[in-house]
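According to TrEMBL, the features are:
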DOMAIN    527-650  domain 'STAS'
TRANSMEM  147-167  transmembrane segment
TRANSMEM  179-199  transmembrane segment
TRANSMEM  205-224  transmembrane segment
TRANSMEM  259-278  transmembrane segment
TRANSMEM  285-307  transmembrane segment
TRANSMEM  379-401  transmembrane segment
TRANSMEM  407-428  transmembrane segment
TRANSMEM  440-457  transmembrane segment
TRANSMEM  477-499  transmembrane segment
Amino acid sequence: MSHRVNDYSGEMDTDISRVASSRRHSDNLPYVHKVGVPPKPNLLKEITESVKETFFHDDPLRHFKDQSKTKKLRLGIQAVFPILDWGRSYNLSKFKGDLISGLTIASLCIPQDIGYAKLANLDPQYGLYSSFVPPLVYAFMGSSRDIAIGPVAVVSLLLGSMLQAEFDPVKQKLEYQRLAFTATFFAGITQFILGFFRLGFLIDFLSHAAIVGFMAGAAITISLQQLKGLLGIKKFTKETGIVSVMRSVFAAAHHGWNWQTIVIGVSFLAFLLVAKFIGKKNKKYFWVPAIAPMISIILSTLFVFIFHAEKHGVQIVRHIDRGINPPSLKQIYFSGENLTKGFKIGAISGLIALTEAAAIGRTFAALKDYQLDGNKEMVALGTMNIVGSMTSCYVATGSFSRSAVNYMAGCHTAVSNIIMSCVVLLTLELITPLFKYTPNAILASIIISAVIGLIDIDAMKLLYKIDKFDFVACMGAFLGVIFESVEIGLLIAVAISFAKILLQVTRPRIAVLGKVPRTTVYRNIQQYPEATRVPGILIVRVDSAIYFSNSNYMRDRILRWLTDEDEMLKETNQQKIQYLIVEMSPVTDIDTSGIHSLEDLFKSLQKRDVQLVLANPGPLVNDKLHASGFPDMIGEDKIFLTVADAVMTFAPKMEP
């Protein structure tokens, strides 16, 4: 509760009382700063600066200033291929770190790639293809030193669920694969365009809260999907919702489960989780969870081969095509209705892949204290997916689990991606036949252990503590994914993110201010209960730009506050409100609707014998107010530099 003071001699305002007394007995008025009238703006300059701040805030061409044509050409090539810049200072010491990192993430990515390809309803080799070509392209064009490129669980699930809604991955296998390559092509095009035209800020519209919920929901959905392989179920639902999946699991309980498969899957899942716990508990043992998947594949494959477990109902991989990526340019749909389908699926998958890569890149760049150019990253990711779509790859992006291992293993540059690609190449050429007896259960275990880290309980708790609306956004995306589908969860995440923006824009915070004791500072009376209000003056602060979307709310909210104040003052026989001071420091901009609302507010106040006073409008707002003639309407003497100046000026003039 704020204090209300009825006379000038009270505790509230000795400063104001002193000024009032001096004004009654002297003509020596205190100096009050006036708000300067801004110079007339140059329209072209204003538009240019606005465009620059929106698209070129980082001044990407600053390195080209005052350089020779030859130097500009070299800098331009280095901007497209950063490897030509940092490659000049590359040495053996850095290569040792990159070699260890590359070999470590290769041991992690190979088993993951085979599993993620199945998640996307593609043959296992396509996962390996996607960890061969895209990382090579990224190594030359990417600016992150730590991102490890390849297929990821969430994008694989999203792509698989959206593709199978169009074609059956078994009965229409060729069409399904062609649509996958088409979607990958347009995912790359989407990412490239966003980066080239510097539109990366668009992905920021998907809030952190929505991403946390979406990722957690996707992790649970992916884990539930793996019950098919973990339990050895042959007939399984194609839907991803938890109800359909659990119904399918329990329907197969009597005759569809295979106990040998369950033993293999659960045993190695426990092994993988223990390895992950060891690596998390002691950072020195980061390599334990990194090599655990490969060890699991080797041991389980030997187990199946020696005991011929495939004859007892244990499902195995059976065949992985040998050799490097075959060309797939001719398989991409460039016309017909499948072009539209591929574009839609690709755009959505590309944006999700971009969001994940951006989050990973920023995280590790902050840890190593270097700058990451988001737009260059998008161009690099887009280019690698475009090239990937032409070489039998599906959507690849930065993997958090692999990037974390890459970072912990001591990588220095993107050469670790090149090392990983070389190992994948050797695997495709020499080792793929050895995966014939790899049980599907072990792939399911690897995927489950990998995606568990996407469920961030601590982040959810923090969201609940800090912002309940963020928590609702998180839960909306989470529940949408697990109960309906990945697409619906994504749609809910985007919808709630936009709803939050609209709510904040249309319903800005408006605070009543009071004077903090023994200062000339005026602050929100809810934050500072000891702050005292000035008798006869209502001071409010609008904590937002004033646009067409919130201008009417701003006017109505202030008038309602004024009405409530007058009614309360009548009941207590206190001095009525004679001045309304609007503190405009937080108002960064105002449009014509906002100015019209201020004019309407002024007219409404005139009818109540209340004068409107503005305090500290910013340069842009002040310029627009003067352009509209609003200061002439209320009077130039009603615009002040600070609230304190306004109070000092008008408090002594009020009628008792």
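Note that Cβ sites are derived from N, Cα and C of the backbone, with glycine treated the same way.
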Per Cβ pairs under 8 Å, the stretch of 147-167, 179-199, 285-307, 407-428 packing most closely against the transmembrane segment (379-401): 179-199
Per Cβ pairs under 8 Å, the stretch of 147-167, 179-199, 205-224, 259-278, 407-428 packing most closely against the transmembrane segment (477-499): 205-224
Stretch contact, the transmembrane segment (205-224) with the transmembrane segment (407-428), Cβ-Cβ under 8 Å, 3+ pairs: no
Paired segments the transmembrane segment (179-199) and the transmembrane segment (259-278) in contact, 3+ CB pairs under 8 A: no
Intrachain neighbours beyond the transmembrane segment (259-278), with Cβ under 8 angstroms and 6 or more residues off its ends: 229-232, 285, 288-289, 292-293, 296, 299-300, 303-304, 309, 312-315, 439-442, 444-446, 448-449, 452-453
Outside the transmembrane segment (407-428), six or more residues from its ends: residues with CB under 8 Å to it: 83, 86, 90, 94-95, 97-106, 109-110, 113, 125, 128-129, 131-133, 135-136, 138-140, 142, 144-150, 283, 286-287, 290, 322-324, 364, 367
Residues of the domain 'STAS' (527-650) by DSSP state, where helix covers H, G and I: 64 helix, 22 strand, 38 coil
For the domain 'STAS' (527-650), the mean pLDDT of the predicted model: 90
